[in-house]
Each structure stands twice: as C-alpha cells, then as structure tokens.
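S.K.: First the structure, then my questions, so here it is.
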Amino acid sequence: MSLMSDAYAPVLASVRESSPLVQCLTNSVVVNVTANALLAVGAAPVMADVPEEAGECAAVASAVLVNLGTPTAEQREAMLAAASSAHLAGVPWVLDPVGVGALGMRTAFAQRLLDLEPTAVRGNASEIRALAGVGAGGRGVDAADDVDAALDAAREIAQRTGAVVAVSGPVDAVVAVRRVARIHGGSALLTRITGGGCSLGAVTAACIAAAGDAFAGAVAAHALYAAASERAAAASDGPGSFGWRFLDALDAVSPSDLAAVRVDETTAVRG
Ligand SMILES: Nc1ncnc2c1ncn2[C@@H]1O[C@H](COP(=O)(O)OP(=O)(O)OP(=O)(O)O)[C@@H](O)[C@H]1O
Ligand SMILES: Cc1ncsc1CCO
Ligand SMILES: [Mg+2]
C-alpha cells in the first residue's frame, strides 16, 4: 500500500517553519556541504564537535548527527559525549555508520554508539549489513550490496536499539520493527558528489526533529532527496552543476512535489 503522503509531506513545511538546530559531528570531507544542505532545507546547522562542548550542545540542540566518516580520537570522544547527552535529554540523534564493515576501528566504535540508542541509523546497504554483523561491508565508503539484501539487517538493528533504520540506494528503504517504506526515484548523480549520503543523514535529523516522529521524519527526508535530486539532475550537465543545483532544489521543492514521490509501505510480518 502507499504511505499516505499527508503522513510525511507536512514535515517539509515544519522544518522550514521551526528551523531545527542540528548539531553535526561529521567527517572533514563533507562539513561544508552538510551545513549548506541544512541551510537550504531551512534548518540551522552547528558543527560543534570538540569534546569540551559536544555534550553541552547536544542537550540544547533539536537533533544531533554522528557520522563516522573520518573519526579522529578527539571526534570519537566528542561523539560519545554528544550521543550520551542527547540520549539523556531525549534529543533525537542519528548515526551514520560510514565505512563500517570495511574498516576495523570504526566497526567496533559503532557498536558502542548503538548502546546509546540512536533515534535513527542511516547508511548504505553494506554499512547497515555490517552494523548488524552480517557481511563484510563495502569498499571504503561505497555500498557493494543491494538495499533489499539489507532489510533483515535493518530490522535486526531496529529491534535491538529501537531505532528507525534507513538504507539508501537506487530505491531507499526506511525500516522499523514492523514497518518498511520504500522511497522511489532520485538521481544517481547524488553518488557522484561528496556528501550525497552524509548530508542526507543531517537532513534526516532535521526532519525527525520537526516531525516529532522518527519514521515520518526519515521518510520525509528521503522523499525530499528524491524530489530535489530529480529536479537538479534535469537541468545539470554533470556532477559540478548538479552540486549547486541540488542545493537550489532543496530550497525549491514544494510539499506537493514531496507528495508526488512514490512511497510504498508494507507491514513486515516477520520479526
Ligand atoms: N542509483 C541511484 N539512483 C538514484 N538515487 C540514488 C542511487 N544511489 C544512491 N541514490 C541516492 O543517493 C543518496 C545517497 O545514497 P548513497 O547510498 O549513495 O549513500 P552513501 O553511500 O551513504 O553516501 P556517502 O558516500 O555520502 O556516504 C540517497 O538519497 C539515495 O536515494
Ligand atoms: C570520501 C570519504 N571518505 C571518508 S568520509 C567520505 C565522504 C563520503 O562518505
Ligand atoms: Mg555514507
């Protein structure tokens, strides 16, 4: 069945109205593009990622993103402080397990973070499989598995932690223990620029804060990326012009554009 668009389409207006403060502890490749994506959707970024301030900031943020792309020792300390503080304060936080499965230290570190019960986990299929302990991960930060091959893994993580788990790929999936939504469309040009997935983690955090609901917020964020990337790709010559057109499109997408994205929901009977 189709997920009623009135369950997630209003989230966009809510992000623009409430401008959620999203604290990002993210990798050094995508800091700027992530802040720009948040501004383009109407949210307010703050990249507070030093140990002395990370917990303080998380307690007052609307949502927190923890992205493991370039996890220095100092950042790992800050991530534990931010996730603990968010968990304690009831602030939604999103884990993006970049490169988990492909690289050793971050694979173990991600398990420590799961104990702090993220509100949502967002990654590609290989990362989600590796996080659940199946599969060896992708190559570096890229996926080597299909989204459908990660659904059981996503459900296992949802069951273990209470998180909503979003798996990205040609068709995205948002998974809770007894629900799966598939978000169709989008553009493969998102995989040809830095931060296509990483900024989606930050926008997912913004949408969850604005929605007050992890499942609707995660679906809204993925539908927004599908609509905006299609709009940008239609006018682009390649990855360079797609990058800036995508930011313009995040700003220009309307609630009815979002409602037009194909979203199918099924009720999972297993698990
Ligand atoms: N083949 C594709 N066609 C259309 N959209 C795609 C395709 N592959 C990925 N996407 C979209 O690109 C975005 C990022 O997904 P991707 O799976 O590339 O994340 P990721 O691997 O975590 O990215 P990153 O390299 O930033 O960490 C999502 O919105 C997803 O829907
Ligand atoms: C290229 C790259 N390396 C570590 S993080 C990152 C950004 C995309 O995930
Ligand atoms: Mg990624």
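A Cβ is built for glycine as well, from the same backbone N, Cα and C atoms used for every other residue.
Those TrEMBL annotations? Automatic predictions, nothing curated.
According to TrEMBL, the substrate binding site annotation covers Met47, Gly195. What TrEMBL records for Arg122, Ser168 is ATP binding site.
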S.K.: Across all the protein chains here, work out how many other Cβ atoms are within 10 Å of the Cβ of Arg122 (ATP binding site).
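M.R.: A 10 Å sphere around the Cβ of Arg122 (ATP binding site) contains 33 other Cβ atoms.
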S.K.: Least buried of the binding-site residues Met47, Ser168, Gly195, going by other Cβ atoms within 10 Å?
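M.R.: Among the binding-site residues Met47, Ser168, Gly195, the sparsest Cβ neighbourhood within 10 Å belongs to Met47.
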S.K.: What's the CA-CA gap between Met47 (substrate binding site) and Arg122 (ATP binding site) in angstrom, rounded?
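M.R.: Per the Cα atoms, Met47 (substrate binding site) and Arg122 (ATP binding site) stand 19 Å apart.
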S.K.: In whole Å, note down how far the CA of Ser168 (ATP binding site) lies from the CA of Gly195 (substrate binding site).
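M.R.: It is 13 Å, counting Cα to Cα.
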S.K.: So which binding-site residues out of Met47, Arg122, Ser168 are up against ligand 1, CB under 6 A?
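M.R.: Checked binding-site residues vs ligand 1; flagged Ser168.
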